[in-house]
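Some notes on the structure that comes next.
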Amino acid sequence: MAQSKISRRRLLTTAAAATSGLAFMGPWKHTRVYAQGAAKPIRLGITSDASGQYANSGAEDRRGMQMAIAEANAKGGVLGRKIETFHLDTETTPATGSRVAERMITRENCGFLIGAIHSGVANAISQVAQKYGVIYLNTNSSAPSEAGQNCHRVKFVFDANGSNFAKAAVQASIEKFGKKWVLLTNDYVWGHSTAAATKALLKQFGGEMVEEILVPQGTRDFSSQLLKIQQLKPGAVAAAIGGDDQKAMRQQIAQLGMGDKPAWINNQQDWPDVYGLPLDNLFGVFGTTWYYNLDLPGVSDFVKRYQAMFPDTFIRVPGNVFYNGYWATRELFAAIERAGSTNNIKVIKELENLKTSARDRMQHHDAWMDPNTHQMQQSIYLCTANIGTKDKDDMFKVLGNSSPQEVMDSDAKGACKLESYESTPTFDA
Amino acid sequence: MTSLIPHLVNGLTLGLLFALIALGFTLIVGVMEVINLAHGSLFTLGAYLALSTIGAGWFAGTPFGTWWLELPMASRYFIGLALGPVLAGLAGMLLELCLRPTYGKAPLYGLLLTFGAALVIEEVIRLGWGTGEQSMPVPQMISGAFLMGGLIFSTYKFYAAGFAIVAILLVWLFLERTPYGAIIKAGAHDSEMVRALGYDLARLRLIVFGFGSALAGMAGMVMAPIWGLRPHLGIDVVIPAFLIIVIGGVGSFWGAVAAAILVGLATGITGAYAPAWSLMSMYILLIAIVGFRARGLLGRRSALEN
């Protein structure tokens, strides 16, 4: 039997096309909660990553939204209207974020957009949202530029940013670990703007940046960078490495026994990035906005609600990413109720005046939305590994907390130029 | 300026690990002319299967599971190292059976099928082991770090590089010095002649695909303690593997090894001195080499070049 011969060139060309296709494909999902009353449902476009470097955090972010949406729908919806959701995978890619936002607004009639982990993606989505006047809640991306130079009238940022975390950690760490620092920076907007905040604080408090090592997103092997750090012998390393890259980095540092020396200052520690890792991978000092084991009213009930709604989820307790997703969604619904309307300008004004008591938010300090930058001002917790614990979920030991006033990003207000209400298109969901 | 030598050592180590990843990929391409886009997923599957073996995930909560966990870690690790690749090899054989209708047709059919298989395997991993990050435990004797030239190096990484050298040599000896290796090589050169000589070509393909997939699973198990384990790890693997076989020359065993070492050195050196370029370096290397020598380092001369 004759068999056709295939040319090597043809084989390779086709393979190259298909391989490059791998990077751009991802799952997408459409979830509908059918309206039970006559009122038109409120459509919420969920713009979170289901693939790429932040796929795990994106899933946790969505769970937070789902719980807030389920609670709102159980109470009869918002303004008597049920909440419908539509999700597309933003693939941890800014170009995809932009395309997804455009489609959600123009073809899927989403009245609000919500969700972000990667700051480049959040920035891309917010530019599209501003063009149409659609309110966008950046739940979990925390580049200082998100509420600084890339701020928009329609965008509200619910996570603390790199500058807040750096303020909570840098001064005390210089005193404890010395002035000589190396910065290990993910080479994209969050890494760069977080590193810029750290550099400014180092200068302010008499520290010295020996070198900044830029790490491309998607790095799996950190041995070259770790060898370089050993050769430079810093007192501390400020790492702004996120998502899956951070997991790989932590494991490699632990294997080398470099977790104790130099000191590692990881500005922000997202829960999905470390959950399930051995405790010896959780070295250093790091910041978070919330921890499931805080001894505050309401926390244990919140954990129980999470576990009842997600009984089969690998992450057995809610973390900061879930918390931000939940609260952003809940605050949006509350703002719509207070406005008595889904008109974007009315809801924006309500979100700009948002104030939440410490008790309601299950944090140590009252929180509020800064009307000049649209960033939530909230408590920051400095943590380290809870060495010796028998409870595999209880990984963090909280060292202390800072009030929003102590860690406020003082540069954001100058950098943020919000569009006027008049230049923001009117939109009613 | 920091010393270059540690970074050269590190680059060489990385290169050997890349060679381990590309080994099964190059074998399948060379013999079957199939670009197996599921190679990275089989790599990941092998590692997860080994993880479940080591941690008694198969028998958790049963008396056998308890007994198993009482065995020394080293015993469980090396049993996992054997079982994970065997199971990945069986999965590869299943994939080869599915590929059969595509033989002799345009390469796009095979590519799409292996791409689909990659997505299916990734979803199976998500369903079976969840989406969260997992770490692969290693025995005490190959964990930790050692000092060399005043710097700390990972013991495990050197073990993995040594493992890669042994694996490369064994595969080469198998291909060069055994009768079955000769048939495989002959099949790569002229499959019709092999069939005419009375050998079962279908069985040969099944075995080669299974063997290549087992090598992918073995590489996954060895690399997991360094890279960590997550369902979508495959995408991080298949692209470097593809670049390496193109740089080395498609179908060339030693070309792939040489290319992997060059990629490792490029990644290691740029990682130290221009880290922002470290991931890009393998693409630049590809352009530099293929631009001057289209058939790759040790690729066979094409009829067009005569």
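Glycine is no exception: its Cβ is also placed from the backbone N, Cα and C atoms.
TrEMBL entries are annotated by machine, without manual review.
Feature list (source: TrEMBL):
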type	residues	note
TRANSMEM	B:12-35	transmembrane segment
TRANSMEM	B:42-65	transmembrane segment
TRANSMEM	B:77-99	transmembrane segment
TRANSMEM	B:106-125	transmembrane segment
TRANSMEM	B:158-175	transmembrane segment
TRANSMEM	B:206-229	transmembrane segment
TRANSMEM	B:241-266	transmembrane segment
TRANSMEM	B:272-292	transmembrane segment
Item checked: Region pair the transmembrane segment (B:241-266) / the transmembrane segment (B:106-125), three or more CB pairs under 8 Å -> no
Check: Given the transmembrane segment (B:158-175), which of the listed stretches B:12-35, B:77-99, B:106-125, B:272-292 has the most Cβ pairs that are under 8 Å apart from it?
Finding: B:12-35
Notebook entry, point to check: What residues in the same chain, six or more past the boundaries of the transmembrane segment (B:12-35), come closer than 8 Å to it by Cβ-Cβ distance?
Noted result: 42-43, 99, 107, 110-111, 114, 157-158, 160-161, 163-165, 167-168, 171, 184, 187-188, 204-205, 208-209, 211-216, 218-219, 222-223, 226, 237-238, 240-242, 244-245, 248, 250-253, 256-257, 259-265, 267-268
Next item on the list: Please figure out which one of B:42-65, B:106-125, B:272-292 racks up the most CB pairs under 8 Å against the transmembrane segment (B:206-229).
Entry: B:42-65
Checklist line | Chain residues outside the transmembrane segment (B:77-99) and at least six past its termini with a C-beta under 8 angstroms from it | finding: 34, 36, 38, 42-43, 45-51, 53-54, 110, 113-114, 117, 121, 137-139, 205-206, 209-218, 220-222
